[in-house]
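In what follows, a single structure is set out as structure tokens and then discussed.
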Amino acid sequence: MTPDHADARPGTADARLSANFWRLWTGESVSSFGVYVTLLALQVLVLVTLHGDAQDVGWVNSCRWLPYLLFGLLAGAWIERRRRQPVMIATDLACGVLLAVIPLAWVLDRLSVPMLLVIVFLYGASALFNDAASMAVMPRIVSRAQLQRAHARLDGSSAVAQTAGPALAGVLIRVLGAPFAVLVDAAAYIFSAGMMATLRLGERRSVRTMSKTSVRQDIREGVRWIYGGPTLRSLAIGTHVWFAANATLGVVVPTYALQTLRLSVLQFSITSAVAGVGAIVGAVITTWVGHRLGTGRTVIATHLVSIVGVLVMALAGLGDAGWPAALTLAAGQGLHGVAMGMGNSHETGYRQAVTPDDLQARTNITMRAFNRAVIVVFAPIAGLFVTLGGTRASLMVAAGIFGVAVCVLAFSSFRDADITAHH
């Protein structure tokens, strides 16, 4: 038995997940905790510390994902030719170092929005190659029958991080300031690199070359696999539309909370933490719901829940300000969190279950590249939405885009897709 599946019995969904998986899970979970601290810290850093606006938030979000647009397809082909473990270790370390530059620049009185854009871009480039490697590793350390359950475990820990991360960020920002709060994430990445070093993958260096012809061919194969068949193509398009809606929320919600509703950083951190609570609930019930509705219908249902959540967010501030507005926003965030906690494991698990191993890296990173390209485009546009129409109207736009995602999936063959058919 290879090191990859040391504890797993291939083909059985209820088999014990491998020791390799739990090492990966530990590193990813700690890293996720830090990411959610940084997410809120960067929003406060731009809007409060550096006195930016919604368009600045949009540009920061865009630069975070711009490397996926520029290098995403190449990264997938490149990873297919490399041992994935060293890439995961090196990129975790790079992310930690880059985040540590933020408080250093603040101490030296050099931190500005343009400098932050450069740091975030380089951080995004490191995260791109880390994602390509780690996503391609997953089908090697768990059986295909376990993919949805494994991703549900990762989503569950991410949901816990989404709950605790913003709450901790609120405290750290209040005590240390936003520039220093990101040091938690820097330390988390260093820890994750250490955990990745303990994986026993038994990888061998690929003998494939990096000729221009072979790279183009690899990229075409990955794109063709995703968009060539009706079911995966529908899932891909629906996911792209979902990312457009969520990218809009990523710009609108912090501006809505901190500037329109004038919530304190503590109040905003609590509303963000409630989204994490919702994600925990979603991750807990996702397998149960999936068994009853099937993969396709479960994903469609999650998008409907997101629409309701966004509409609830828009009600905040129509009555009393302060804590009543914060609680209403938190309720909407919580519903959207439930949707995210339920949906991701089914989408990712299904795509990986139907994809051959030699296409995993290219397929996963192609999807991520196009999804993040959507963020690159829509994050600045969302900032423009806010400037021209206001935050509440922009929330309505986000709800409408989620509705488009529902229609794309509901009127396609993905509606009847079920991961259990591919065990």
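Just so it is clear, glycine is given a Cβ too, placed from its N, Cα and C backbone atoms.
What TrEMBL says about a protein is an automatic prediction, not a curated fact.
Lifted from TrEMBL, the feature list:
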TRANSMEM  33-52  transmembrane segment
TRANSMEM  64-80  transmembrane segment
TRANSMEM  87-108  transmembrane segment
TRANSMEM  114-138  transmembrane segment
TRANSMEM  265-286  transmembrane segment
TRANSMEM  298-317  transmembrane segment
TRANSMEM  369-389  transmembrane segment
TRANSMEM  395-414  transmembrane segment
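When Cβ-Cβ distances below 8 Å are used as the criterion, the transmembrane segment (265-286) is approached by residues 36, 40, 44, 48, 152, 155-156, 158-167, 169-171, 173-174, 254, 257-258, 298, 302, 322-323, 326, 329-331, 333-343, 345-346 of the same chain, each at least six residues removed from its ends. Remote same-chain partners of the transmembrane segment (33-52), defined as residues 6 or more beyond its termini with a Cβ less than 8 Å from a stretch Cβ, comprise 60, 99, 102, 111-113, 116, 120, 160-162, 164-166, 168-170, 172-173, 177-179, 181-182, 184-189, 254-255, 258-259, 265, 268-269, 272, 276. Of the candidate ranges 64-80, 87-108, 298-317, 369-389, 298-317 contributes the most Cβ pairs within a distance under 8 Å of the transmembrane segment (395-414). Counting Cβ pairs closer than 8 Å to the transmembrane segment (64-80), the top stretch among 87-108, 298-317, 369-389 is 369-389. If one looks beyond the transmembrane segment (369-389) by at least 6 residues along the same chain, the residues whose Cβ comes under 8 Å of a Cβ in the stretch are 53-59, 61-62, 64-66, 68-69, 72-73, 75-76, 236, 239-240, 243-244, 247-248, 250-252, 255, 397.
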